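Q: Feature table excerpt (TrEMBL):
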TRANSMEM  15-36  transmembrane segment
TRANSMEM  56-77  transmembrane segment
TRANSMEM  89-109  transmembrane segment
TRANSMEM  121-142  transmembrane segment
TRANSMEM  154-173  transmembrane segment
TRANSMEM  179-197  transmembrane segment
TRANSMEM  209-235  transmembrane segment
Amino acid sequence: MTTAVQARLSAERRFYASMALFMLALVFIGFAPSFYLRDYVHFPRPNPTLTPMVVLHGLAFTTWMLIFLAQTLLVSAGRRDLHIRLGQAGMVLAFLLVPLMYMVSVGQVARANQPPFATPLGWTAVPLFVIPPFALLVWLGWRNRRNPQAHKRLMLGAALLMMDPAIGRLPLGPPVVETFAVLNLLSLLTFLPLAWWDWRTRGRLHWATALGAGLFGAALAFRLFAIGSPGWAAFAAHLPGV
């Protein structure tokens, strides 16, 4: 292996490990007041109710993010065998997250933890609209597991989608729709480092990066409209589990 190839692989491993650490830090900061450090950190708004399903979802998601970090570190350590085995467990957990995400999403209607500008039924659009792109990216990541460059970007894209609820909990402004729109934009901007990496290493955007960012952007735009839509509220009222 040439020195240039070794340097490129080393830089790539550092990039993905850095992204994993960044996402874990973001998740911890966003969810510290309402989940991880609930009894120790002041939350500027009323804290959402922690039901057993919410706790299970939080623990499963945290485990999945830790697996994501461990996989990047295993690749850096040259343990591709363990990376593959752990990746299989992570893939199973990712698919299990989908029904958990749905149950927590519809369960929030009873908890009524939406901001003042939304109704409980309208607010279901916020988590529900992210589930299809997450599931699709995970499935495509599995299908492209023998295409390392696509696989890495698809799985990172799926993880970046999950930064949305963490960013949405950052107290950057009053709980009004304008603040919500800004937080949506910040969530989408988490794809910028991956886009930058594509341009630096390939000279163009990778299709997996474009797909992830495009799906996420569409989901954010549609749900911004849906949360105030009577039609969506009427539809959400008939969802199983509401």
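Cβ from N, Cα, C; glycine included.
Note that TrEMBL annotation is computational and uncurated.
Locate each feature and note its surroundings.
A: For the transmembrane segment (89-109), same-chain residues at least 6 beyond its ends with a Cβ under 8 Å from one of its own Cβ atoms are 48, 51, 53-54, 56-57, 60-61, 63-64, 67-68, 71, 120-121, 123-124, 127-128, 130-131, 134-135, 138, 141-142, 158, 236, 239-242.
Within its own chain, the transmembrane segment (121-142) has Cβ neighbours under 8 Å at 91, 94-95, 97-98, 101-102, 104-106, 108-109, 114-115, 150-151, 154-155, 157-158, 161-162, 164-165, 168, 208, 211-212, 215-216, 218-220, 222-223, 226-229, 232-233, 236-237, 239, 242, counting only residues six or more beyond its boundaries.
Non-local neighbours of the transmembrane segment (179-197) in the same chain are 15, 19, 22, 26, 115, 117, 153, 156-157, 160, 163-164, 167-168, 170, 172-173, 205, 209, 212-213, 216-217, 220, 224; each lies 6+ residues outside the stretch with a CB under 8 Å from one of its CB atoms.
When Cβ-Cβ distances below 8 Å are used as the criterion, the transmembrane segment (209-235) is approached by residues 117-119, 121-123, 125-126, 128-130, 132-133, 136-137, 140, 153-154, 156-158, 160-161, 164, 177, 180-181, 184, 187-188, 191, 194-195, 198 of the same chain, each at least six residues removed from its ends.
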